[in-house]
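Copied over from TrEMBL, here are the features:
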type     : residues : note
TRANSMEM : 67-85    : transmembrane segment
TRANSMEM : 121-138  : transmembrane segment
TRANSMEM : 202-226  : transmembrane segment
TRANSMEM : 246-264  : transmembrane segment
TRANSMEM : 348-368  : transmembrane segment
TRANSMEM : 388-408  : transmembrane segment
TRANSMEM : 420-441  : transmembrane segment
TRANSMEM : 510-531  : transmembrane segment
TRANSMEM : 576-594  : transmembrane segment
TRANSMEM : 615-638  : transmembrane segment
TRANSMEM : 686-704  : transmembrane segment
TRANSMEM : 716-735  : transmembrane segment
Amino acid sequence: MMMDDDVEGGNLGPYQERPRTFPNMRSKSYTPFIVRVLMGINVRVLFILLLLGLGGVFYIGASTSPIIVFVFTICIISFLLSIYLTKWVLSKDEGPPEMVQISDAIRDGAEGFFRTQYGTISKMAMLLALVILCIYLFRTTTPQQESSGLGRSTSAYITVAAFLLGALCSGMAGYVGMWVSVRANVRVSSAARRSAREALQVAVRAGGFSAIVVVGMAVIGIAILYAAFYVWLGVDSPGSMKVTDLPLLLVGYGFGASFVALFAQLGGGIYTKAADVGADLVGKVEQGIPEDDPRNPAVIADLVGDNVGDCAARGADLFESIAAEIISAMILGGTMAQRCKIEDPSGFILFPLVIHSFDLVISSIGILSIRSTRDSSVNSPREDPMAILQKGYSVTIVLAVITFGASTRWMLYTEQAPSAWFNFALCGLVGIITAYDFVWITKYYTDYKHEPVRTLALASSTGHGTNIIAGVSLGLESTALPVLVISISIVSAFWLGHTSGLVDEAGKPTGGLFGTAVATMGMLSTAAYVLTMDMFGPIADNAGGIVEMSQQPESVREITDLLDAVGNTTKATTKGFAIGSAALASFLLFSAYMDEVAAFAHEPFNQVDIAVPEVFVGGLLGSMLIFLFSAWACSAVGRTAQEVVNEVRRQFIERPGIMDYKEKPDYGRCVAIVASASLREMIKPGALAIVSPIVVGILFRILGYYTGHPLLGAKVVASMLMFGTVSGILMALFLNTAGGAWDNAKKYIETGALGGKGSDCHKAAVTGDTVGDPFKDTAGPSLHVLIKMLATITLVMAPVFL
């Protein structure tokens, strides 16, 4: 009431003195159903149930292998550490009331959208589960399944159960990412009032909690599924399935994770970038107000978008990356062990789970190595946050090399080839170096300390057009070095595996593909720390928004701006890392697909001849799919942003008092527009990704049936997958790097270079950043998921193409 009187009398003092309220954007408090049920149970009963659950898990683990018990133990210790990190972050103060109000509005918007989005995704997942069930009930069985007595119906139910579990875990990974980010952002803002180092530490530990939970869930989910199938199917007992065939039953888990990650990334990406573009175009360019200014009606939608697009979607994305890589490496390890007639193949099959268990340990050490300094005043000498994060990454890399070497000696030593483990250790080293190279290359192209971004900023001084030309050319150029690095790593890892001394019955070397799988594990052996750096970005971005909206002193905004610029670079490096791992994982899944087709067809399937017209057409369709998918993702952002722009303009025209703080913008209206539009827009590109490989495979299977080429459908899909992967890697590299460079060129000018904020140069850079937004946060990240999704969907649907 007092505020209304002030408005009527035109008596509005400085912002800090005004009690400013932000609207509640949900009608009731939202907590997931599972959490509500658990909260309703008595604590003692819950504790007993938890102990019984852990006892059951360890029992099936002990019945399977001591290695599984080791994996379970590490995962549970990691979860306990993540609880410690949560308590540490939540113990930090939330700052003054105006910060808390803004944070609550962001949390309400994020949780409301998450609930609606995942409700839609879960319905689609159920529908797809029914389709998979029908296909598996009417397909042919493999010789391995016939010999083990695994019938069609059992195989169908196993695949569907694995698919739904993968989808559920991927959804939980996304929820964890969002849950922590909407609570940590305000605490980082509050910490920035005291010191830059404390703000950095809070953001890193909040990101670390999310990363540890995501990686831990991926590992323990696959381990529990593997152990449960092992005990239930009586694996390795007479007349039952061999342990080397067991990993093929886990493919559905990877597909479920990919399915949810794709829609989470698409929906979240469209949401965050449509709000961002709408807020920037009207706020910065037309009205000339700063980023995250409380007068901008789209600002809350923009801040909500950081959580649903970056934190939730990236959590689901990296969960899916690790799941796909573990499963493909287990399949290849089992296949190789079978060919080499290794007595105990469990080491080769369970090796990926051990590597990622160690990832949890070494990444935790890296996260905890970032501490606050004793001198915690705002005026203490400013440190470079990127250098501090790089030190933590260096610690993690060194530990990764040591633990990887020890793991290969423990798991991969065999009497048949005593020195093979050393070759595989070198493969892991190749992967670790590849990961480091990817992080460094992306940092070079997207950090404004380096020449490419500074050249791009300089191009802005001559106008909007030259900024766009420079950004596009930088993005195109940035594809070269990563492709060279991937090429060298695939060839060298394959060669190291090939010369490891492992041979089949005919004396042919068989370790090549497994060598590539080990290199992929090496690349992902620091995934938890890399994901921490990624989560740090949106949390820092949100913190900056809260500081700007609550109009804190300039010194605090400088700290959050610095963290935000570093966050842009870490987000870009993670995307580079994700593409590299997607490229290697897709290569492995492609090999697993060819092995599965050979098993169903009862004949060898070692190569795909693109001189056959139909196969070449399959390749063209695969490349076209990538371009069409990217186009639909970007145009979805454009269409939704237009709605936001029109709404923000309408509010500025109809409520002229907004610019003088005499009227409040309607934040909730923009949130509602973006939420409904992004859910509507995510369906078309997502459906294209799922339906196209199935339709192409079935059409060419029918054509092959009438022309006397029974494997034509499988070959065309293989070609589609191959070309789609190659095009997807290049397109994702271009989109991610160009978008990140445009964003940081704008940030560089905002530091005061080339005229600073508000100059013509800055306006041109804002245009570049606006073009780059859907590149780097919608189409680019969705492509990593699409590449692996194509690989897992073809693996699950292989029987349909024959």
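Using the three backbone atoms N, Cα and C, a Cβ is placed for every residue, glycine included.
Within the chain, the transmembrane segment (246-264) has long-range Cβ neighbours (under 8 A, six or more residues past its boundaries) at 117-118, 120-121, 124-125, 128, 132, 155, 158-171, 174, 218, 221-222, 225-226, 229-230, 233, 235, 312-313, 316-317, 319-320, 323-324, 327-328, 330-331, 333-334, 349, 596, 682, 686, 689-690, 782, 785-786, 788-789, 792-793, 795-796. Same-chain residues lying 6+ beyond the ends of the transmembrane segment (202-226) with a Cβ under 8 Å from its Cβ atoms: 57, 60-61, 64, 68, 71-72, 75-76, 78-79, 81-82, 85-86, 88-89, 92, 162, 165-166, 169, 172-173, 176-177, 180-181, 183-184, 187-188, 191, 246-247, 250, 253, 257, 311, 315, 318-319, 322-323, 326-327, 330, 350, 353, 356-357, 359-360, 363-364, 367, 370, 389, 392, 527-529, 531-536, 539-540, 543, 563. Fewer than three CB pairs closer than 8 A are found between the transmembrane segment (420-441) and the transmembrane segment (686-704), and contact between the two stretches is not assigned (pairs 6 or more residues apart).
Here the transmembrane segment (576-594) does not lie next to the transmembrane segment (615-638) in space: the count of CB pairs under 8 Å, restricted to residues six or more apart, is fewer than 3.
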